[in-house]
Amino acid sequence: MGSETRPEDSRGAKRLVDYRFTLANERTFLAWIRTALAILAGAVAVLHLLPLDWAQVPRTAVGLVLAGLAGVITVYAPLRWYRVQKLMSRGEALKMSVLPVITTFAVGLVCALVLLGNLL
Amino acid sequence: MTSSAEPPNEPFAESPDEPPAEPPTEHNGSGLQPERTLLAWQRTIALLVVVGLLFLRGSLVPGGDNVPEAPLVVRVATMAVLLVIGLVLGLHLWFRWRACEHGTRVPETGRPPLYLARPWAMAVLCAGVLALVGVLVLTVLLGL
């Protein structure tokens, strides 16, 4: 038991990584994808589902911003997964990700726009 | 009172006469990571299909023409593509889950798997979400 130090599954890994960490990395990737899908659902709702009393331009703008944010997250999530995977296999420290900040500000901006548009 | 003499260490022990069950060595401290990852995949695939269904649904108010609608062909084709992606990912996970003996050990290594899905499955998932983003943006921009 434990004689193999380089299992088949860890291609490109310099050393054996604890499977709990790689699986947690995979779940983090999936959580980002679900975040993107939830934001995309918001975009679909604004653009195609709800009969809002908005003008065409703000409706399209809010929908496109949400869809674009979902696209950015979807592109970033696998890159982040790969980067973390490489850092873990080398045993280095993980770097901070800017994506939570971007997501927070973009969602906050959309909320503020919708709120202001409804109040004014 | 002798009830405190037996701490509830073994909640699944059926009777004190039986020999104690084998300790769950395979899951010791692992927190059922493969199962949690499988459930995360299932949630993600389900959400992908649900968002596709929302897009397929169109306006929530029937007959209302104040909501710009994507063409029906585009919506049905998008839904079909998303269903195929969900099916492929689900089958892949099912086979992987059986191949690694319900997440306990990969036959080649004897350890729990390092990935549940192969990286190409992640790429397929991302491609599906990006395709949905693209369809949404294009239908809105071209429909203006």
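All positions are counted from 1 along the displayed chain.
Glycine too: its Cβ is placed from the backbone N, Cα and C atoms.
As recorded in TrEMBL, the features of this protein are as follows:
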DOMAIN    B:31-101  domain 'DUF202'
REGION    B:1-32  region 'Disordered'
TRANSMEM  B:40-60  transmembrane segment
TRANSMEM  B:72-95  transmembrane segment
TRANSMEM  B:120-142  transmembrane segment
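Mapped onto DSSP classes, the domain 'DUF202' (B:31-101) shows 53 helix, 0 strand, 18 coil. Confidence for the domain 'DUF202' (B:31-101), expressed as mean pLDDT, is 86.
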